[in-house]
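Engineer: Next up is a structure, given as structure tokens.
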Amino acid sequence: MALVLVLNSGSSSIKFQLVDPTAHATDDPFASGLVEQIGEPQGRVTLKHAGEKFVVEAPIPDHSAGLALAFDLMGEHKCGPTDVEIIAVGHRVVHGGILFSQPQVITDEIMDMVRDLIPLAPLHNPANIDGIEVARKILPDVAHVAVFDTGFFHDMPPAAAIYAIDAKTAADHGVRRYGFHGTSHEYVSHKVAELLDLPEGAINQITLHLGNGASCAAIRGGKAIDTSMGMTPLSGLVMGTRSGDIDPGIVFHLHRQAGMSIDEIDELLNKKSGVKGISGVNDFRELRTMIDAGDQDAWLAYNIYIHQLRRYIGSYMIALGRVNAITFTAGVGENDVAVRADALSHLEGFGIKIDPERNALPNTGPREISTDDSAIKVFVVPTNEELAIARYAKALSGA
């Protein structure tokens, strides 16, 4: 079996999957795992393979040691590089800037270009680079492919991509809307075309990637024309711990009046805001339990979340003019029945009708949750970014 190793390297973790790029979207990966607590006194590698789970705990000083330990564990359980045919390695890279609209076979020149983008993603791209460098050393004889989170939004119309600030300042410092979760939005939009049995060029759709991070996209004829995240993943929808859209003047106010540093405000808006900032929790299952128990802060957090979601859905319906489908994906979007119903509950005037029984069905795969006579189809489509990355990697590797 020809497999692609898919890596998602974070600052202190590495997610990995061995994926058959020809597999069905609902198939489990051949193997998957997580290296975590890199740089801490005690790290952990978890591997899932053949219906079993294996865990090793050991010091993991850096990404190189973490990936080596993961490969050792995979080898012990007959799914390592010497046991299976790895035809390519696909790497998730968060920020491609204006340089990359498509996945790229990684060369030394491409690596230099990705390094140049670190100022745009100082929390993410360095970790992505670490993972690529380590993997290229361990697997030097296969193609390594970078798939950029921003790529799908690269060619948005200027009216959506350009911020109304001094043009020279923006150009000098790379300030514009880049968008994120692009691999997920693109993957889901392809699935919607299959569900509608229409060519993508004939479809206008809104995709809602609702996880701890959340974003939405307006897609016309297979091309993104707008998205909620901006220069960074902080803007747009209310998220688990991120504020989403706020008045930029709040940053100045907190700096001047509260004496908060830029780093403190960064931490506040990225890690201590959103649903967690209002309710104290960012897990929607916990939030629902608190709401059911009568917790008013939880109820307020939920209402703010839904209010912002409706605002974006409504504005994208106007931007698109005609909408064939609205689709929910990612952890909250795929599993939270109430969020889906409430997000669309004030849009009946557009002819959107949710079927409560269909909406309440468990998350078993792509499915329609609107009524047969709904003017706009509503779908739930489980995202599979790893499979999308694996398919890109296979295609570009020539294997």
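Just so it is clear, glycine is given a Cβ too, placed from its N, Cα and C backbone atoms.
From Swiss-Prot, for reference:
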ACT_SITE  ASP149  active site, proton donor/acceptor
BINDING   ASN8, GLU385  Mg(2+) binding site
BINDING   LYS15, HIS209, LEU210, GLY211, ASN212, GLY213, ASP283, PHE284, ARG285, GLY331, VAL332, GLY333, GLU334, ASN335  ATP binding site
BINDING   ARG92  substrate binding site
SITE      HIS181  site 'Transition state stabilizer'
SITE      ARG242  site 'Transition state stabilizer'
Engineer: Please find, for LYS15, HIS209, LEU210, GLY211, ASN212, GLY213, ASP283, PHE284, ARG285, GLY331, VAL332, GLY333, GLU334, ASN335 as listed binding ATP, the greatest distance between any two Cα atoms, in Å.
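Structural biologist: Between the most distant Cα atoms of the ATP site, 24 Å.
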Engineer: So which recorded positions are near ARG242 (site 'Transition state stabilizer'), with CA atoms within 10 Å, out of ASP149, ASN212, ARG285, VAL332, GLU334?
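Structural biologist: Final answer, ordered: ASN212.
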Engineer: Distance between LYS15 (ATP binding site) and HIS181 (site 'Transition state stabilizer') at the Cα atoms, whole Å?
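Structural biologist: About 16 Å separate the Cα atoms of these two residues.
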Engineer: When the Cα-Cα distance from ASN8 (Mg(2+) binding site) is computed for each of the binding-site residues LEU210, ASP283, GLU334, which gives the smallest value?
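Structural biologist: Checked the binding-site residues LEU210, ASP283, GLU334; minimum Cα distance to ASN8 (Mg(2+) binding site) goes to LEU210.
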Engineer: Return the single residue from the binding-site residues list (ASN8, ASN212) that has the minimum number of other CB atoms within 10 Å.
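Structural biologist: With the binding-site residues ASN8, ASN212, fewest surrounding Cβ atoms within 10 Å: ASN212.
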Engineer: Please report the Cα separation of GLU334 (ATP binding site) and ASP149 (active site, proton donor/acceptor) in Å, rounded to an integer.
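Structural biologist: If we compare the Cα positions of GLU334 (ATP binding site) and ASP149 (active site, proton donor/acceptor), the gap is 20 Å.
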Engineer: Sort out for me which one of LYS15, ARG92, HIS181, ARG242, ARG285 has the most neighbouring CB atoms within 10 A, since those are the recorded positions we care about.
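Structural biologist: For the recorded positions LYS15, ARG92, HIS181, ARG242, ARG285, the Cβ with the most other Cβ atoms within 10 Å is HIS181.
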Engineer: So which one is it: of the binding-site residues ASP283, GLU334, GLU385, which has the fewest other Cβ atoms within 10 Å?
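Structural biologist: So among ASP283, GLU334, GLU385, the binding-site residues given, the one with the fewest Cβ atoms within 10 Å is ASP283.
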Engineer: Near the Cβ of LEU210 (ATP binding site), how many other Cβ atoms are there if near means within 10 Å?
Structural biologist: 26
Engineer: Just to confirm: which same-chain residues, 6+ apart in sequence, have a Cβ under 8 Å from the Cβ of the residue listed as 'active site, proton donor/acceptor'?
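Structural biologist: The residue listed as 'active site, proton donor/acceptor' has long-range Cβ partners ARG92, VAL93, VAL94, HIS95, GLY96, PHE180, HIS181, GLY182, THR183.
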Engineer: Whole-number Å only: compute the distance from the Cα of ASP283 (ATP binding site) to the Cα of GLU385 (Mg(2+) binding site).
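Structural biologist: Per the Cα atoms, ASP283 (ATP binding site) and GLU385 (Mg(2+) binding site) stand 21 Å apart.
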Engineer: Between VAL332 (ATP binding site) and GLU385 (Mg(2+) binding site), how far is it from one CA atom to the other, in Å?
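Structural biologist: Their Cα atoms are separated by 16 Å.
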Engineer: Measuring Cα to Cα, how many Å separate ASN212 (ATP binding site) from GLU385 (Mg(2+) binding site)?
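Structural biologist: Cα of ASN212 (ATP binding site) to Cα of GLU385 (Mg(2+) binding site) measures 16 Å after rounding.
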Engineer: Distance between LEU210 (ATP binding site) and GLU385 (Mg(2+) binding site) at the Cα atoms, whole Å?
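Structural biologist: On Cα coordinates alone, these residues lie 14 Å apart.
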Engineer: Round to a whole number and give the Cα-to-Cα distance in Å for the pair ARG285 (ATP binding site) and GLU385 (Mg(2+) binding site).
Structural biologist: 23
